[in-house]
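So the structure is just underneath, and the comments pick up after that.
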Amino acid sequence: MGEWLYLVIAIAVAGVALLVGLLARGRSGRSVPPAGGTDVVAPPSTAPEDLDAAPAEAAPAPAPTAPALDKPEGTASRMQRLRARLAGSQGGFGRGLLALLSRDKLDEDTWESIEDTLLTADVGVAPTQQVVDNLRTRLRVEGGESPDPRTVLREELVELVGPDLDRRLRITGEDGRPGVVLVVGVNGSGKTTTVGKIARILVAEDKSVVLGAADTFRAAAVDQLATWGERVGVEVVRGPEGGDPASVAFDAVKSGVDRGVDTVIVDTAGRLQNKAGLMDELGKVKRVIEKQAPVTEVLLVLDATTGQNGLIQARVFSEVVDVTGIVLTKLDGSAKGGIVVAVQRELGVPVKLVGLGEGPDDLAPFDAGAFVDALLG
Ligand SMILES: Nc1nc2c(ncn2[C@@H]2O[C@H](COP(=O)(O)OP(=O)(O)OP(=O)(O)O)[C@@H](O)[C@H]2O)c(=O)[nH]1
């Protein structure tokens with residue numbers, strides 16, 4: 001009798017289990033168990049138009065968080081976009097040269113037009129003469145097949161721009177200390193904007209950065225830099241308005257050293273009232289910084305639209321500080337890309353970065369081949 005009772009109970013339990021199993025299967029509509037044997041249940045099938053609808057049971061409200069940070073544009077898309085912009089602003093100059101060189105007959109009038117085109121693009125007198133002489137020699141048809149003007153022009157322009165110059169930014173320090181980038185240049189050349197843009201490039205490359213707002217002369221510049229920093233979560237060290245720029249620079253580099261960041265970038269004031277004043281101020285900023293860590297890069301920011309005037313300013317700055325690289329800004333607003341050649345010759349320092357717009361990611365490393373390709377379209 002006892003055995004019978006056990007048997008009946010066992011059959012009843014098995015029956016209930018089977019029924020529950022069938023019901024569950026019917027509800028989920030699934031015929032295959034989730035792969036991997038986990039207990040993750042696939043979400044109920046949702047019609048596409050329902051995807052945006054809020055779920056019936058709202059998720060708990062997110063805890064208040066810090067303001068969302070900007071995600072700086074990645075290198076590949078930035079470069080592609082800016083190359084197109086460079087071609088847009090400089091293409092006329094390059095394509096104009098190519099059209100002249102592609103004429104059936106290269107007479108004296110044509111050579112004169114080629115020379116004028118180079119001079120108008122701010123290449124400078126001596127480099128223009130040199131490139132015209134080389135083109136004349138190489139494109140002289142001496143029987144046989146005539147050389148391809150595009151290939152010859154490309155090679156000559158790349159050579160003019162300097163394919164072998166070391167254009168790497170020295171943003172890394174030694175002995176565990178940060179790299180220190182000092183950014184100098186006249187008012188309005190785009191220093192503060194450039195400091196912000198470089199910070200974004202570094203953040204996009206997962207580098208840690210501190211900014212020093214040592215342009216204490218102009219309160220707006222300090223606020224402007226603070227905004228650039230906030231947008232990408234970078235610390236900006238600032239001092240009182242009209243305070244000592246060297247002291248802000250010192251504090252910024254100290255903070256960078258203490259926090260063990262990769263790079264400190266210091267923005268400076270651009271007053272050019274007289275050379276002695278500038279020398280005193282920038283000299284002091286550099287000396288004071290170097291109590292903490294060596295300055296690894298001094299970038300001179302030059303506005304490409306200022307032509308010969310810009311070159312004179314560049315010379316004054318290079319006499320005051322040991323410039324190691326040039327940032328040519330506003331190339332988007334000037335068809336005079338030849339200034340790259342002129343300024344490199346003038347200072348003996350490579351152009352390392354070019355500014356191609358007011359957007360936060362409109363700064364690109366300079367590359368001779370890519371630049372000439374953009375000129376030729
Ligand atoms: N179109 C264009 N505008 C730029 C570029 N770089 C900077 N600018 C603009 O130039 C103006 C001046 O830039 P700032 O960064 O304030 O110049 P600054 O040298 O720091 O000026 P001070 O603080 O007065 O010394 C701003 O309106 C920038 O948006 C560029 O590459 N292209």
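Note: Cβ is positioned from N, Cα and C throughout, glycine not excepted.
TrEMBL does not curate its annotations; it predicts them automatically.
Predicted, not measured: the structure shown is a model, and the values here were computed from it.
Summarising the annotation, TrEMBL assigns transmembrane segment to 6-24.
Annotation source TrEMBL lists region 'Disordered' at 28-77.
Within the same chain, residues at least six positions away from Leu331 (GTP binding site) with a Cβ under 8 Å of its Cβ are Leu86, Ser89, Gln90, Ala304, Gly337, Val354, Gly355, Leu356. The GTP binding site annotation in TrEMBL covers 185-192, 267-271, 329-332.
A Cβ distance under 8 Å defines the sequence-distant neighbours of the domain 'SRP54-type proteins GTP-binding' (350-363), meaning residues of its chain 6+ beyond its ends; these are 70, 72-73, 78, 82, 85-86, 89, 162, 165-169, 190, 193-194, 196-198, 200-201, 228, 231, 299, 304, 325-332, 340, 343-344, 371. The domain 'SRP54-type proteins GTP-binding' annotation in TrEMBL covers 350-363.
The number of other Cβ atoms within 10 Å of the Cβ belonging to Arg271 (GTP binding site), over all protein chains shown, comes to 14. In the domain 'SRP54-type proteins GTP-binding' (350-363), the DSSP tally of helix, strand and coil residues is 0 helix, 6 strand, 8 coil. Here the binding-site residues are Gly188, Lys191, Thr268, and the one with the most other Cβ atoms within 10 Å of its Cβ is Thr268. Listed in sequence order, the binding-site residues among Gly188, Lys191, Thr268, Arg271 whose CB lies under 6 angstroms from an atom of ligand 1 come out as Gly188, Lys191.
Its Cβ placed at the centre, Gly185 (GTP binding site) has 26 other Cβ atoms within 10 Å.
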